[in-house]
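As annotated in Swiss-Prot:
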| type | residues | note |
| --- | --- | --- |
| SIGNAL | 1-18 | signal peptide |
| DOMAIN | 19-147 | domain 'C-type lysozyme' |
| DISULFID | 24-145 | disulfide bond |
| DISULFID | 48-133 | disulfide bond |
| ACT_SITE | 53 | active site |
| ACT_SITE | 71 | active site |
| DISULFID | 83-99 | disulfide bond |
| DISULFID | 95-113 | disulfide bond |
């Protein structure tokens, strides 16, 4: 009985966290989705951004009490501007997606929304990129990936 309870707890925890991608797996996937070089932003920049925004967790969420918004998914896309979570006041939903769709493991909607963000604001829209990636040697983020 205890084993069944423990297994249930483990599976519930896994479902809540979603898929934590490996660094190179993430790099390969977003390259397939043509994010590498988009607006001259290198693949290493995107990998660095995802590392510091979500730790490569597709289901990551972070609540921002100031504007009552939430950041969603592996790229931590914000509900105040970019998606609809049904609870953020005055949400713009510029990407025309439900925020939960930005947490899908295939990354298609997250990447499409990221392209829209870059079209409008550039990669500087992400605070973690400005703080952890901008102006740094990012070669380590693609090391060993054989892309």
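Using N, Cα and C of the backbone, Cβ positions are placed for all residues, glycine too.
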Cα of residue 99 (disulfide bond) to Cα of residue 71 (active site): how many Å, rounded?
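Computed Cα spacing between residue 99 (disulfide bond) and residue 71 (active site) is 9 Å.
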State the Cα to Cα distance, in Å, between residue 113 (disulfide bond) and residue 48 (disulfide bond), rounded to an integer.
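Residue 113 (disulfide bond) and residue 48 (disulfide bond) have their Cα atoms 18 Å apart.
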How many other Cβ atoms are found within 10 Å of the Cβ atom of residue 71 (active site), counting all protein chains shown?
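Total other Cβ atoms inside 10 Å, all chains included: 24.
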So for residue 48 (disulfide bond), how many other CB atoms are inside 10 Å of its CB?
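Summing over all protein chains shown, residue 48 (disulfide bond) has 23 other Cβ atoms within 10 Å.
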Specify the count of other C-beta atoms within 10 Å of the C-beta of residue 133 (disulfide bond).
20
